[in-house]
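Enquirer: Could you have a look at this structure, given as structure tokens, before my questions?
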Amino acid sequence: MASSSFLFLHVLVMLSLASMAFADLSDDFYDDVCPEALPTIKRVVEDVVRQERRMGASLLRLHFHDCFVNGCDASILLDQTDTIDSEKTARANNNSARGFEVIDKIKLEVDKICGRPVVSCADILAVAARDSVVALHGPTWEVQLGRRDSTTASRTTANNDIPTPFMDLSALINNFKKQGLDEEDLVALSGGHTLGFAQCSTFRNRIYNDANIDSTFASRRQANCPRSGGDSNLASLDPTPALFDSKYFSNLVSNKGLLHSDQALFSGGETDDLVKTYSKNLKTFSDDFAESMIKMGNIKPLTGKQGQIRVDCRKVN
């Protein structure tokens, strides 16, 4: 009896500690200290996306790649130093991740309107991702706020934990599970590929070697992605790369997923049915995407007195 009581207490403590991880996050965190913070982020994002619509996808990706490496703590923004192992040079980010200068601009504008650095770079990433999706006609959601910024980064963890475009379904499921995300989150968040482009080096093997690919689609992609060279040549991840819609999933059903990891979601496995549902119902996809973005944004945030509010998003104070 005593042992079972101890076990119950242990479980209760662990659950309490888990809930404390984002207990200090709230959607009104800046309402009193700087009510103009969120409108300022929105204005800058809208201006930038209006000038270059591709940037919306880039800002969304920055938040994703940040959260998958030791939580949503803006570690992806830190430059290399003698003590910082920058994630910018990790395989998934090197010569690929972009939008850092946009985050710098947002930080400058927000600190100016607030009178001092009160908004974390981690929160800026989370809000900018949401505002980018909205700017490209996607859903909105209440971003939970109050994250603080890390004082460290890890290229090794980035290399290990950011999912690669070469993963099969089981690897993707395990990768997301490690972050506390389930199969529905995997499919919904992969739907972020309704926006943006990919480099030839990430899909070359698929268009030349995969069997589950539409032959006409493969031929068209091969025209701009030779067997050697042209690694940075771009192709859109779906037919409408600057519009949040369900065509990404329609492509998967037609074996026209650009990345191996995209098509893995519709390859005879347990995620097939959800892909079909999303391909036919944009509202269901949009609702689930918003829910999964909130869930992803709650991955191991630093709160309270943990971390810091960086003055410059690229370096520790």
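Each residue's number is its place along the chain shown, starting with 1.
Note that Cβ sites are derived from N, Cα and C of the backbone, with glycine treated the same way.
Here the structure is a predicted model, which means the values were calculated and not measured.
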Enquirer: According to TrEMBL, C114 takes part in a disulfide bond; indicate which of C34, C67, C72 is its partner.
Expert: C34
Enquirer: How long is the line from the C-alpha of C34 (disulfide bond) to the C-alpha of S75 (Ca(2+) 1 binding site), rounded to the nearest angstrom?
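Expert: Cα-Cα distance, C34 (disulfide bond) to S75 (Ca(2+) 1 binding site): 24 Å.
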Enquirer: Calculate the distance in Å between the alpha carbons (Cα) of D238 (Ca(2+) 2 binding site) and C67 (disulfide bond), and round it to a whole number.
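Expert: That comes out at 24 Å between the alpha carbons.
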Enquirer: Sorted by position, what residues of the same chain at least six away from R61 (site 'Transition state stabilizer') have a C-beta under 8 A from it?
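Expert: Within the chain, R61 (site 'Transition state stabilizer') has Cβ neighbours under 8 Å at A97, G99, G192, G196.
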Enquirer: Would you list, in sequence order, the recorded positions among C72, P163, H193, T194 whose CA lies within 10 Å of the CA of H65 (active site, proton acceptor)?
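Expert: C72, P163, listed in sequence order.
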Enquirer: Sort out for me which one of H65, H193 has the most neighbouring CB atoms within 10 A, since those are the recorded positions we care about.
Expert: H193
Enquirer: Residues near the Ca(2+) 1 site, D66, V69, G71, D73, S75, E87 excluded, by Cβ within 8 Å of the Cβ center?
Expert: H65, C67, F68, N70, C72, A74, I76, S150, A153, S154, A158
Enquirer: List, in sequence order, the residues of the same chain other than T194, D238, D245 whose Cβ lies within 8 Å of the centroid of the Cβ atoms of the recorded Ca(2+) 2 site.
Expert: G191, H193, L195, L237, P239, T240, P241, L243, F244, S246, K247, Y248, F249
